[in-house]
Structures are given as structure tokens and as C-alpha cells.
Amino acid sequence: MDAGSFSSSIPSEKARPASRHPLREVGSRPYMPSLRSSSKDFSSRQSGGDRFIPDRSAMDFDMAYYLLTETRKEKESAAAASPSKETYRRLLAENLLNNRTRILAFKSKPPAPAEGFLQEAHSNVSSHQAKPAKPRRYIPQSAERTLDAPDLVDDYYLNLLDWGSSNVLSIALGNTVYLWDASDGSTSELVTVDEDVGPVTSVSWAPDGRHIAVGLNSSDIQLWDSSSSNLLRTLRGVHGSRVGSLAWNNNILTTGGMDGKIVNNDVRIRSHIVQTYRGHQQEVCGLKWSGSGQQLASGGNDNLLHIWDLSMASSNPSPGQNQWLHRLEDHMAAVKALAWCPFQSNLLASGGGGGDRCIKFWNTHTGARLNSVDTGSQVCSLLWNKNERELLSSHGFTQNQLTLWKYPSMVKIAELTGHTSRVLFMAQSPDGCTVASMAGDETLRFWNVFGTPEAPKPTAKTASTGPFTSFNHIR
């Protein structure tokens with residue numbers, strides 16, 4: 001088990017210090033002058049020299065002395081020199097001196113090529129055209145923005161942060177759900193629940209970016225319209241205890257509770273419970289649907305990872321019936337961090353808690369484990385880069401860092417530090433470039449870890465498909 005309990009009493013507004021305002025900026029990123037351009041200019045000056053000051057290291061003083069005294073010697077022996085000797089002297093100078101006539105040098109000598117380099121380079125160029133090297137992406141080491149998040153429930157098993165398709169974040173702090181608009185930085189309060197049903201234990205945006213599901217400690221699930229701040233309905237009787245995980249699959253809201261049940265709820269109909277998955281013996285803390293919507297991954301505090309198939313679920317499962325497609329028991333601690341790969345539909349990454357510390361990769365068609373990497377600390381959350389083959393993980397003790405990995409080599413690309421407590425939650429912006437992280441230190445930080453959005457490519461003009469497309473003109 002992973003430490004993740006919380007106190008049932010949440011500080012009230014009166015008890016909160018006056019300086020703690022939810023989602024207020026606590027400090028902007030300090031200005032750091034770019035070192036890349038300045039170092040580049042310095043290196044170019046070092047290698048190229050100054051345009052007005054000669055470079056002594058590039059000059060041949062013996063040659064300079066010869067060139068200075070050559071004219072005087074020529075005048076002295078001009079009368080005695082025959083035409084054949086003059087021709088011989090000129091050819092000798094051309095071959096030995098390489099027609100060097102300048103005394104002062106303003107650029108350094110180029111480095112000597114390695115043995116056989118020119119021949120190898122010539123053969124490579126002649127065989128094929130070399131591709132230009134892709135520039136390495138610059139990854140800022142500090143957060144772009146930091147917001148205050150007071151009253152955050154420091155619980156590993158909950159899911160209190162989500163970023164919707166309309167570019168609005170939902171953040172659960174204590175009994176309140178806040179909405180933070182990433183386009184203009186505005187904050188609004190969606191709901192504050194009563195003490196007897198709170199705190200909020202999970203939040204999840206519907207695919208439309210307008211409706212949001214809120215799981216509560218009382219086992220109820222609320223559905224809200226964020227545009228009008230209206231409560232649409234409350235789902236009751238789904239679970240027997242708190243609802244710590246939520247996942248949408250079109251109009252199906254999948255809920256996971258401390259009772260170990262996983263339930264599919266069709267929010268369009270009155271009798272919303274349509275399917276139930278049974279397999280976990282303890283709290284379900286991780287839920288993720290695959291991109292196709294056919295497979296569901298669930299992780300629990302019983303150290304189990306299940307892969308479920310949509311077609312195998314049953315509204316009334318018989319006792320002892322195994323509904324899961326795969327039951328994976330390799331993790332040695334709670335499995336909360338789950339992420340489906342965007343470029344390979346059957347690839348799933350999972351992360352274990354403090355007693356496991358591993359990121360594991362699975363082929364969900366066969367159930368085979370593809371790789372396992374010991375990260376050295378509790379894995380709290382996982383996110384794939386939508387544009388590159390990279391994986392981002394957030395961690396707990398001792399560094400409380402975000403680590404960017406290259407897939408499939410799992411070489412560390414960058415480690416982002418700044419949080420002073422375990423980084424419990426991560427969410428990805430709709431464009432896939434910015435990541436928001438929220439930690440037990442009660443801060444919400446934004447990282448430009450996946451790069452800037454790519455400019456849309458101009459669409460090619462489609463040829464007309466009319467009846468006369470094969471004719472240039474009509475006679």
C-alpha cells in the first residue's frame with residue numbers, strides 16, 4: 001500500500017490564511033537570458049577571429065618574412081636572371097607556396113581532417129544525399145507558471161486534476177471544484193459540496209469539453225454543465241464508498257471506487273448502470289480507456305492491473321466469472337499511473353507505487369510484458385508525448401521530479417524539479433505541448449516539456465473531380 005490517507009476535516013474559508021487565494025499566481029518564472037545564442041557568438045568569434053585584428057596563431061612568420069624580402073631580392077637579381085630561370089622560379093613558387101601572397105591572417109586555420117576522412121566523405125556523398133540533422137528540442141528546466149493550490153488533499157489514490165478539450169482545467173481543492181481557463185488565466189468556482197458528502201475525490205471532463213463528472217467521498221457522482229454551472233444529475237447507489245477514479249468513453253462514464261468495483265454508466269438514460277467489472281479486491285485508483293474505446297485498463301491498491309474488453313462486460317455477472325481479458329500481477333505496489341500509447345494502440349504504460357517504483361510496458365493484445373524500468377521512486381502519473389516517442393512520469397520521494405524518457409530506449413532526456421512534495425497528478429493540454437502538475441506542496445505548475453505546437457501544414461489543393469477534368473480546354 002502507498003501512503004495516501006487524508007483527514008476528513010477540510011479547512012474552512014475562515015481558517016484559510018488571507019494570503020492563500022486558490023489558483024493565484026505565486027511567482028512567475030525568472031528571466032533567464034538565452035545562453036545558446038551568446039555562446040554561439042562567442043565560439044564564432046573564437047574560431048573566426050576579429051575582422052580588424054590579425055590572428056597570430058593563424059600566421060606563418062617564416063612565410064611572411066619570405067614574402068617581405070622576396071621583392072627586394074628579385075630587384076637585385078633581375079638583371080642577371082635569364083628567362084628560363086624566371087620561369088623556373090615562378091613555377092616553384094606556385095607549387096611550393098600554393099600562391100600565398102597575404103602576410104596577415106584574420107581567420108584561424110581549419111582543423112586538419114582525419115586520416116581517410118575526405119575519401120570516406122566523398123564516397124558517402126556520391127552514394128546518397130545526407131539528411132540534415134534534426135535540431136534537438138530545448139526543454140525549459142523551470143516551470144512556466146506556478147499557481148497556489150491551498151487545501152489540496154494529499155492522497156495518492158485520488159484523481160483531482162483534469163484538462164478538458166476546451167482548454168479549461170478542473171482542479172479539486174478540498175470540497176470545492178475550480179475551473180481555470182488556460183486561454184486567459186481566469187478562475188471560476190464550479191461547486192462547493194457540503195461537508196457530509198465531501199471532499200471531492202475525482203474530476204474528469206467529458207470529451208465535449210463542456211460537461212464534467214465529479215466523484216465524492218460519499219460515493220455519489222455529480223454531472224455538471226460547466227458553461228452554465230448547473231448540476232445536471234447525481235448518480236447514486238453506484239458504489240458503496242468513495243469514488244476515486246473516473247474515465248469517459250463517449251457517453252459512458254466509467255467509475256472506480258474504494259469498494260473495488262468498476263461500473264459503466266450511460267449518462268443519457270435513467271437506469272444508468274449498464275455494465276460492471278469485478279476483479280479488484282481493494283480500491284480502484286487508476287482508470288484509462290484506450291483510444292479506440294474497446295479496452296479499459298484499471299489499476300488498484302491490490303497491486304493488480306487489469307485489461308478489460310468492452311464486449312466482455314456483463315450487466316449481471318455470475319459468481320466466479322472472470323471478465324477480464326488480462327490480469328497482470330507484476331507490480332509490487334498500488335497501480336495508479338496508466339497511459340495508453342498514442343502511436344501504438346495496443347501499448348500500455350503502467351507505474352507502481354512506493355514499494356514498486358517501476359514503469360512497465362504491456363502488449364494488451366497478448367498480455368505480454370515488454371519492458372520494466374526501475375525509476376527509483378514512487379510513480380504517481382504517466383503521460384505520452386503526442387508528437388514524439390517520449391513518456392513523462394511524475395514521482396514522489398526523494399526528488400519529487402518529473403522525468404522525460406525516450407521510448408523505447410528509456411533513456412532520460414530531462415528531469416524537471418521544483419515541487420517540494422510528491423507530484424500526485426498530471427494533465428496534458430489539448431494541443432499536447434504543455435503539462436500541468438499538482439503536488440502535495442499545494443502548488444500547480446505548468447511545464448513546456450513537449451515543445452511548442454507545430455504550425456499546421458497548408459492543405460494541398462485537391463484536383464477537381466468534375467466531368468471535364470481530363471481536358472485542358474473544350475474545343
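Using N, Cα and C of the backbone, Cβ positions are placed for all residues, glycine too.
Computed from a predicted structure; not experimentally measured.
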**Message:** Looking at 116-135, 456-475, which stretch does TrEMBL describe as region 'Disordered'?
**Reply:** 456-475
**For the repeat 'WD' (416-449), sequence-distant contacts whose Cβ falls under 8 Å of one of its Cβ atoms, 6 or more beyond its ends** = 23, 26, 139-152, 154-156, 158-167, 169, 171, 182, 378, 380-383, 385-387, 392, 394-397, 399-404
**Asked** Are there residues at least 6 beyond the ends of the repeat 'WD' (193-234) whose Cβ is under 8 Å from a Cβ of it, and what are they?
**Response** 6, 8, 10, 153, 155, 158-168, 170-172, 174-177, 179, 240-248, 250, 253, 255, 257, 265, 267
